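The following features are taken from Swiss-Prot:
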COILED    135-190  coiled coil
COMPBIAS  1-37  compositional bias 'Acidic residues'
COMPBIAS  150-167  compositional bias 'Basic and acidic residues'
COMPBIAS  173-189  compositional bias 'Basic and acidic residues'
COMPBIAS  247-256  compositional bias 'Basic and acidic residues'
COMPBIAS  265-275  compositional bias 'Polar residues'
REGION    1-45  region 'Disordered'
REGION    150-293  region 'Disordered'
Amino acid sequence: MSLEEDIVSDDEMNMIDEDDATDSEAESLSDSDTENEITEKLAEPTKTAIYNRDGLLDKLQDISWPEDVDWTHKLTVEIDQGGAVDVNDDLARETAFYTQALEGTREAFGKLNEMGVNFLRPANYYAEMVKSDVHMEKVKSRLLHEKKQIEESEERRKARDNKRMAKEVQSQKMKERAKEKKDNIESVKKWRKQRQQSGFSDKAGEPELDFESGKSFQRGGGKKRPGVSPGDRSGGKGRPTSRMGNKKREFRDSKFGHGGRKGLSKQNTAETTNDFKGGFRGGKASGNKRQKR
C-alpha cells in the first residue's frame, strides 16, 4: 500500500470521527430541547386550573397541629446537623442518617422519662397477632408441604442424574473393555505375524486362545454335569426319584420312546405289511346294523 492511500485512509477516519461527534451533539441538543419543552408545559397552567389561595390556607389550618397540642401526640424531634451534607457522597449521607436517628432517639428518650410516660414494653407483655392461630397453622402446613415437594423434586433430580451418570460410566467401561479386547487381538495377530516372518509358522504347535474362538464368552464355560438335564437349574436335586419310579420311567421309555418327532411312527413298512402272524381281529356287528355279505 502506498503513502497516498495511507493518507486518504487517515482522512476518511477523521471524517468518520467528526460525523460521530456531530451526531452525538445533535442527539444531546434534541434531548435538551425535549426537556425544555416538558418544563415549559409543566410551568404553564392548564385552562381548567383554579388557584384558590384562601381555600388552600383554610385546608392547611384544618389539617395542621394546634399550637397548644401536647408533645406526646406529635413526637417530633428536631436535630441540628451542623452543616450542609453532600448528598452525592454515600458515606457522608449515611453517616448523617445514622447520627440524626441516634440523636433523635436519645432526645425523645429523655423527654419521655422526664414526663413520666411508660413507653417501654413490659416483660410479660403479650402482643396478640392480627392473624389467628388457625390461619397461621394453615400457612405453616402449606409452607411445609411446599418444602417437602421441593425436597422430593430435588431427590428425583438427583436420582435421575445418578442414573444418567451410572449409564455413562457403564458405557465407558464397555467401550474400554471392547478397546482392550481389540488391542489384545491386534497384539496377538501382530505377534503371530512376526513369528511367521521369523520362520515359526507351524500352527499345530500354537495354543488356541479362548478369546479367538469365543469360548470365554459362553455362559457356564461349556461344562455339563452327568445326570442333569440342560434346563434343570437345581443341578439334579429338584425332584429326587425312587427306584420304582426309575423302573416305570424305563418301561414307558421302552414303550413310547424318548420323545421327538411322531409323524412317521405309525407308517407301514415292507416288513409290517407282509407280517400276518397276528391275524385279523373281526369285530362283531351290532344288532341294529345289517352284516355285509
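Positions of Cβ are set from backbone N, Cα and C atoms, glycine also.
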In the predicted model, what is the mean pLDDT computed over the coiled coil (135-190)? 93
Residue distribution over DSSP helix, strand and coil in the compositional bias 'Polar residues' (265-275): 4 helix, 0 strand, 7 coil
Could you break down the residues of the compositional bias 'Basic and acidic residues' (150-167) into DSSP helix, strand and coil, giving a count for each? 18 helix, 0 strand, 0 coil
In DSSP terms, the compositional bias 'Basic and acidic residues' (173-189) comprises 17 helix, 0 strand, 0 coil
